[in-house]
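Notes follow once the structure below has been shown.
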Amino acid sequence: MVKKRLLEVVPTAKENIARVVLYQWIGLIGQVGFAMLLAWLIGIISQRTFTLQKSVVLLVGIGLAIGIRFFAEVKQEKASFFVRSSAKKELRQRIYQQLWTLGSDYQKFFSKAEVSQLLTEGVEQLEAYFGSFLPLLFYSVLAPITLFLVLLPLNFKASVILLLEVPFIPLAIMGVAKIAKTKLRKYWKSYLNLGDSFLENLEGLVTLKIYQADAMKEAQMDREAEDFRRMTMKVLVMQLNSVTIMDIFAYGGAAVGMLIAIFSYAKGEISLFATLCVIFLASEFFLPMRRLGSAFHMAMNGVAASERLFALLDASFEEKGSLPLQSPIELVEVNDLSFAYEVKQAVLKNICLQLKPGQIHWVMGPSGCGKTTLLKLLGRKERSSKGRIVLNGREVSQIALKDLGSQVAYVGQESYLFKGTIEENLRMGNEKLSDDELWQMLEDLRLAHFFTEKEGLTTRIDADGENLSGGQRQRLLLGRALLKKASLYLLDEVTSSVDYESEQAMMSLLKKISQKCVVVLVSHRLTLADEGGEVYFLHAGQIIEEGNVETLLAKKGAFCHLYHEQKSLEAYSIGG
């Protein structure tokens, strides 16, 4: 029931849990004092030996006992809250650090839905494990021993029997644990599968509508939701049954102890004070174990989630770069590069490139030829299966991610604008920028007038720029990347969804940047290469033509054919 690995992941937990247990034990001492004083009060009242002096002592003592109990409970709640919050914070930091280390490659091990569920629901379930279950586990052992030592001089027989009955509850918990482990693993798996399906269907909703497959997916999700509901009900039934069993042991055990004390008093073996102390404190033997049983079910959900958490934390690649990068990047060499998502289906084959500042490097070709994949390989968002990518004479796989991230800026189809202000988004790559630099970038991208009419740099945008047009969103993404002041820019379809004038402004800016930085731009529109630069034309994962536009058009090959085809379609669109 105690996962050592979880305690290692949250190193501050041990000290904080010990503090919670200490305050629980102090509260128990206060409860013992209150019970004994109350028993004494009833005893002197029944014996008619009540005096003013005794009443003052009793009132002060009872007030002190209540004060100790109140103080301990307040401190315990604060300590428990600190355990929960610190555990959640440390767990999420560890997950975030691991995701940062893996980069986008985490999706090879886990789906986006599973990671988001681990970060939210999974960590919340483990909060109960650290904040409730572990403190109660230690306190439920400490409390019966303390009470046994207190009651032993008062009623030997009752105290021994009460102590011997306590282990029946953990035995019941252990019996339930064997059943719960399997069911909760299935429950968590069903929960993750439902989350995966929901996110996948949500992201592909437009495609499903186009192909009229949304009804089929709706029926599939209904079945998965029903399976999850049934599994949830099975878990709840198991939990309710185990709670009933624990209640029988807890309250039945307390009743047995009380009856023994009453019979001993009837026989004249113990005093009324001793009898009342046993009656008042008998339930305290079992209540910690009873609360432990309730916390156990919540904790088991967390333990089931921790298995996937450990799998994420243990995920790693053999390649772990640690060497510094000589910045800025002045030369990118790609030698015999090949890549495949599946073993028998190569996406890129024997790619060779040499990229330097001085011009834009265009990666072009029909859809599905591997343009975006090549860009991701250059930015180390994917690992190549064969070949080498060398930056300034050093293989990209050997370079530390921190150094690589400081010199490489990537803008792709999955790039994201965060909810907040324009200023917050633009400063993400470089916090030292002045307001003048931000406004200059907005001016260069033809966005300054739009935001001036609103609230300037404090203009708020929704998640992923939903309150902006497609073109405005693209220009902001490009602006944020350029403000990072990197030396290698990897840009995937950055000019899509923008009007002609904005496109010209973006291209003018990129041509200027390309004079001192390496700029690689993926585009399906071949006519954009009229702006100048080197074109690498891909087909079926291979570079079949390369050169400037004039050279490629003169060859009258695949590039020329697709170029004129697109140009005629654009002319038709403008004319129509």
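Glycine is no exception: its Cβ is also placed from the backbone N, Cα and C atoms.
Where the annotation comes from TrEMBL, it is an automatic prediction and has not been curated.
Database features (TrEMBL):
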- 21-43: transmembrane segment (TRANSMEM)
- 26-301: domain 'ABC transmembrane type-1' (DOMAIN)
- 55-72: transmembrane segment (TRANSMEM)
- 136-154: transmembrane segment (TRANSMEM)
- 160-180: transmembrane segment (TRANSMEM)
- 240-264: transmembrane segment (TRANSMEM)
- 270-287: transmembrane segment (TRANSMEM)
- 332-565: domain 'ABC transporter' (DOMAIN)
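Only sequence-distant pairs (6 or more apart) were considered; of these, at least three Cβ pairs between the transmembrane segment (136-154) and the transmembrane segment (21-43) are under 8 A, so the stretches are in contact. Proximity of the transmembrane segment (270-287) to the transmembrane segment (55-72) is not established, fewer than 3 Cβ-Cβ distances being under 8 Å for residue pairs spaced 6 or more apart.
Tertiary neighbourhood of the transmembrane segment (55-72): same-chain residues 23-24, 26-27, 29-31, 33-34, 37-38, 40-41, selected by CB-CB distance under 8 Å and a gap of 6+ residues from either end. Summarised as a single figure, the pLDDT of the domain 'ABC transporter' (332-565) averages 89.
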